[in-house]
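**Student:** Have a look at this one.
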Amino acid sequence: MVKFTELNISESTLKSVRRMGFEEATPIQEGTIRLGMEGKDIIGQAQTGTGKTTAFGIPLIEKIDTRDGNVQGLVIAPTRELAIQVSEELYKLGKDKNVRILSVFGGQEIGRQIRALKNRPQIIVGTPGRLLDHINRRTLKLENVNTLVLDEADEMLNMGFIEDIQSIMSNVPETRQTLLFSATMPDPIRRIAEKFMKTPEIVKIKSKEMTVENIEQFFVKSVEREKFDILSRLLNVHQPELAIVFGRTKRRVDELAHALNIRGYLAEGIHGDLSQAKRMSVLKQFKANKIDILVATDVAARGLDISGVSHVYNFDIPQDPESYVHRIGRTGRAGKKGVAVTFVTPREMGYLSIVERTTKKKMEALVPPTADEAVIGLQRVAVEQLETMTEKNNLGSYRELATEMLEKHDAVDLIAAALKTLTKDPEDAPVQITEERPLPSRGGGGYKGKGGGRSSGGGYKGKGGGGRSSGGGYKGRRESSSSSRPSGGGRPGRTRRHES
Ligand SMILES: Nc1ncnc2c1ncn2[C@@H]1O[C@H](COP(=O)(O)OP(=O)(O)OP(=O)(O)O)[C@@H](O)[C@H]1O
Ligand SMILES: [Mg+2]
């Protein structure tokens, strides 16, 4: 481990880094900061949550000439939320140097952005569409840009974004330095990327697996219609601090968020059809722990860094393995522990194998908790609620009522009744979840990613639907249940339920 003080970083940036609480560089930071400061083009690949933002952020900040009011650095990110997050981190890194940073993204009033662009920002962080918009309106001039960063490069070089990226790049001088970062970089995408770069250094942090070790990974085999009850039971047993539930479609996300609310959880959905204001407010509430469960499509997966996310549930198994890596990577960040649970319908078992081949990590079969076990989780929460209330010591007139009641009833009976009232069995509440069609059966055909151009799983010949012998983990609930339960069950009851 190298300390930031050993990396030849300027005093002002070092001061900012120290203020952020960083002392030792993570491996990707150690591997790329020096090279980046030497002006090299870099393809940086390292697991989720290992500090890639700072890895490109420091060389970028160091290169800015603060006497020059032109845009000198451009960062492109796939989503608005990520653009905001990256600009915030760059702001912190450049605070002591007084670097001016601006984020631009769709959904935000363009007039306001145009005015902000006149304040001579030196680094722009933006999403492809809005950046192009500003380029075309000539409100953004890129002829002085000497550093270009693509965060989540593989996602953006996927079909759909590639033309936008190319147009943006054609407005940036060729003499620029180009930095490309992502946790995943399928070979064909990397080859495309190299075309935009000058003999890039490939810094790939070697690890046995593509996902971080501190995430415990499980799968639950379940038919579609039972998934939701299993999810609620898991939530009751795990008691996540914060959880993200991923669904395949927007309708799915809306229905799941609604159903979770009916079952008493504080959940909100986030997906591309929501207004920018709504997306931002949901994320803000989640970060402030006002919501416990964020239900999301893949939009929210890439790059988001939200501390406290202890559990990720893939209510639907993602179609491509890269999505899986990014989704579960929302937990287990910066060395913290996390749990990921992926639901798989019997017909989708082939996809599970594809994911495992890509990540080089086997998921453990998880035995779903029974309704009784889930109730035990809820009871524990009720006990904690009562205890917290008692400790707060502001019960006022309730104490008089309690004294009166104690004259008539047994104390144990009374507490038991209070606990029972607090422990509402959620499965009584009916919910509506439309069945999703399972992913197309994995026959012998090659794996087709979103863009058609990805082929990381191409050579895989699915074993049909039943590629995995799930017998071991499933039968024999007794012996396997203790070993296959994710830890974290002992967490203090955090997932609050609506008080009604
Ligand atoms: N050197 C460091 N020491 C301690 N914490 C760090 C260090 N560098 C970054 N972090 C913290 O680690 C967390 C994850 O960082 P970051 O978001 O950059 O990860 P990432 O590698 O970009 O992940 P993803 O692939 O999901 O985008 C952040 O909260 C960040 O503040
Ligand atoms: Mg990142």
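Note that the numbers count up from 1, one per residue, in the order the chain is shown.
Glycine is treated like the rest: Cβ placed from N, Cα and C.
Caution: TrEMBL annotation is automatic and unverified by curators.
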**Student:** Any idea which of 2-30, 31-59, 118-146, 321-349 is down as motif 'Q motif' in TrEMBL?
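**Tutor:** Based on what TrEMBL states, motif 'Q motif' spans 2-30.
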**Student:** Hey, which bits of the same chain come close to the motif 'Q motif' (2-30), Cβ under 8 Å, at least six residues off its ends?
**Tutor:** 37, 44, 46, 50-52, 54-55, 58, 61-62, 92-97, 203, 205
**Student:** Tally of helix, strand and coil residues over the domain 'DEAD-box RNA helicase Q' (2-30) according to DSSP?
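**Tutor:** For the domain 'DEAD-box RNA helicase Q' (2-30), the helix, strand and coil counts are 16 helix, 2 strand, 11 coil.
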